[in-house]
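S.K.: Annotations per TrEMBL:
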- 201, 233, 298, 301, 302: Na(+) binding site (BINDING)
- 543-555: compositional bias 'Gly residues' (COMPBIAS)
- 57-66: disulfide bond (DISULFID)
- 531-555: region 'Disordered' (REGION)
- 20-45: transmembrane segment (TRANSMEM)
- 151-178: transmembrane segment (TRANSMEM)
- 190-215: transmembrane segment (TRANSMEM)
- 227-252: transmembrane segment (TRANSMEM)
- 273-298: transmembrane segment (TRANSMEM)
- 330-348: transmembrane segment (TRANSMEM)
- 368-385: transmembrane segment (TRANSMEM)
- 406-426: transmembrane segment (TRANSMEM)
- 438-462: transmembrane segment (TRANSMEM)
């Protein structure tokens with residue numbers, strides 16, 4: 001089945017709301033995530049100078065409380081510039097003031113949006129234009145761009161790691177990074193944060209991977225791709241940790257504090273901690289430019305995937321009879337324009353409060369865990385795990401490891417629901433920077449973001465049951481996936497090649513009976529929870545594993 005995040009759920013139409021939910025989530029992500037690119041682009045431009053603007057005080061955006069150097073050892077020496085330690089506690093770093101007063105122009109709260117920051121707005125517009133021209137022609141154009149945007153950051157990471165490792169205190173930072181604090185495992189918040197991060201990092205539940213996968217050849221080994229993707233993703237994160245904590249160790253040494261005092265997360269790491277670190281290095285503008293260029297490339301990669309996933313799902317909804325010239329180009333332009341208009345609320349003086357609402361609620365652990373839980377339940381228990389394993393076998397020629405079926409059926413849904421319950425029980429209202437508490441109506445807007453995707457599943461299910469004719473069993477019966485690559489879905493626009501090259505040469509020539517059977521298997525038995533064929537797909541011979549019927553390959 002070559003389909004995007006919505007039509008892929010035609011295998012079980014009763015739960016097609018999962019596709020709509022993923023579209024809502026990925027739209028929210030596309031809308032607010034690009035702000036990270038806009039801020040990174042702003043910092044990148046400001047890095048091309050002899051003295052970094054966030055390294056010193058005395059600028060128009062600085063306050064009288066700005067102080068360039070502040071060490072705790074200075075406080076131990078009683079005074080610094082005739083100030084007491086209590087007075088020093090009220091002092092502010094020029095890095096923080098540049099971020100809050102110049103970039104964000106932070107207002108008093110969500111209720112005080114203020115005016116547009118035109119400097120950031122222009123960077124935001126430039127980012128959307130760049131995304132548009134990289135995505136408008138589809139995966140062919142995006143794939144060429146990704147060759148550079150996905151590989152060059154590794155070069156920058158290596159350069160930054162070498163530089164960071166040579167700084168004093170780098171070893172302390174790396175030891176802090178590698179030494180586990182086992183007591184943290186007892187904290188529910190740690191599990192919530194870890195679950196949220198891993199689902200967001202792997203784009204699980206967003207529908208973007210489904211959309212990209214729809215452009216593959218029918219016999220592409222998606223099983224191997226999934227394993228490679230997981231290893232590269234986790235390996236990159238682990239490697240990047242050495243880069244980050246070597247710099248944080250250097251910062252802690254320079255400021256005379258414990259490393260936990262300088263460690264930040266989220267936007268604070270990229271726009272406060274690291275900019276502060278580079279001000280302490282020789283040739284600071286060079287390292288700042290390298291870092292923010294890498295940040296821009298990594299952000300563009302994520303944005304490409306999100307926009308492509310949304311557009312693919314959107315075009316799938318249009319009937320083939322509605323096709324018109326430049327359909328994709330116009331759709332991408334409208335999507336980018338709509339997201340840009342919404343983003344204008346995030347480049348005002350109160351824009352950071354809006355950004356935090358999107359980040360905390362729209363694509364939070366709550367929504368992603370809910371989405372992943374239902375996807376596992378539908379695939380494993382409604383469509384049938386064995387049936388799905390047979391679908392994969394028909395594509396790649398062998399059944400995946402049984403461990404995958406156990407994960408889909410038991411382990412993953414239990415973990416998702418467990419963390420989801422923890423997240424609900426230990427829910428804390430959104431607070432920005434540990435000081436600003438959102439008003440009740442702001443929190444209500446945030447929950448509106450979350451529920452707009454979560455309710456897609458039950459509302460679509462209820463609506464389909466009310467409109468359907470026949471019994472509940474007939475309505476909820478899953479539809480088997482067509483295993484004939486020469487018969488793609490009607491109106492499919494995912495095929496990058498004609499149907500014939502998809503077939504093995506012998507099968508296309510009609511001379512290899514076994515090859516033909518692999519690509520066009522018998523009709524399904526229609527038994528829920530059993531293999532979709534009367535006999536297994538794959539190499540000849542018996543196959544182990546419950547719930548699937550006989551043990552021979554298709555004849």
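Here the Cβ of each residue, glycine as well, is placed from N, Cα and C on the backbone.
Could you give the neighbours, burial and distances for every feature on this list?
M.R.: Less than 8 angstroms from the CB of residue 201 (Na(+) binding site) sit 233, 237, each of them six or more residues away in the same chain.
A strand conformation is recorded for residue 66 (disulfide bond) in the three-state DSSP classification. Residue 66 (disulfide bond) is surrounded by 19 other CB atoms, counting those within 10 A of its CB over all protein chains shown.
Counting same-chain residues at least six beyond the ends of the transmembrane segment (20-45), those with a Cβ under 8 angstroms from any Cβ of the stretch are 5-6, 103, 119-120, 123-124, 126-128, 131, 205-208, 210, 267, 270-271, 275, 288-289, 292-293, 295-296, 299-300, 302-303, 306-307, 309-310, 313-314, 335, 339, 342-343, 346-347, 351, 355, 358-359, 362-363, 367-368, 371, 449, 452-454, 456-457, 460.
Through the fold, the transmembrane segment (151-178) approaches residues 236, 239-254, 259-260, 281, 287, 290-291, 293-294, 297-298 of its own chain, all at least 6 residues removed from its boundaries and within a Cβ separation under 8 Å.
Counting residues 6+ beyond its ends, the transmembrane segment (406-426) has Cβ neighbours under 8 Å at 188-189, 191-192, 195, 365-366, 369-370, 372-373, 376-377, 379-381, 385, 388 in the same chain.
Within the chain, the transmembrane segment (438-462) has long-range Cβ neighbours (under 8 A, six or more residues past its boundaries) at 14-18, 20-22, 24-25, 28, 109-111, 353, 357-358, 360-362, 364, 366-367, 370-371, 374, 429-432.
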S.K.: Quick check for the class: what is the C-alpha distance, in angstrom and rounded, between residue 66 (disulfide bond) and residue 301 (Na(+) binding site)?
M.R.: 36
S.K.: Return only the integer: C-alpha distance in Å from residue 302 (Na(+) binding site) to residue 57 (disulfide bond).
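M.R.: A Cα-Cα distance of 35 Å.
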S.K.: If H, G and I count as helix, E and B as strand, and all else as coil, what does DSSP give for residue 57 (disulfide bond)?
M.R.: coil
S.K.: What count of other C-beta atoms do you get within 10 angstroms of the C-beta of residue 233 (Na(+) binding site), across all chains shown?
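M.R.: A 10 Å sphere around the Cβ of residue 233 (Na(+) binding site) contains 14 other Cβ atoms.
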S.K.: Taking a Cβ cut-off under 8 Å, which residues six or more beyond the ends of the transmembrane segment (227-252) line up next to it in the same chain?
M.R.: 154, 157, 160-161, 164-165, 167-174, 176-177, 201-202, 258-259, 261-263, 269, 273-274, 276-277, 280
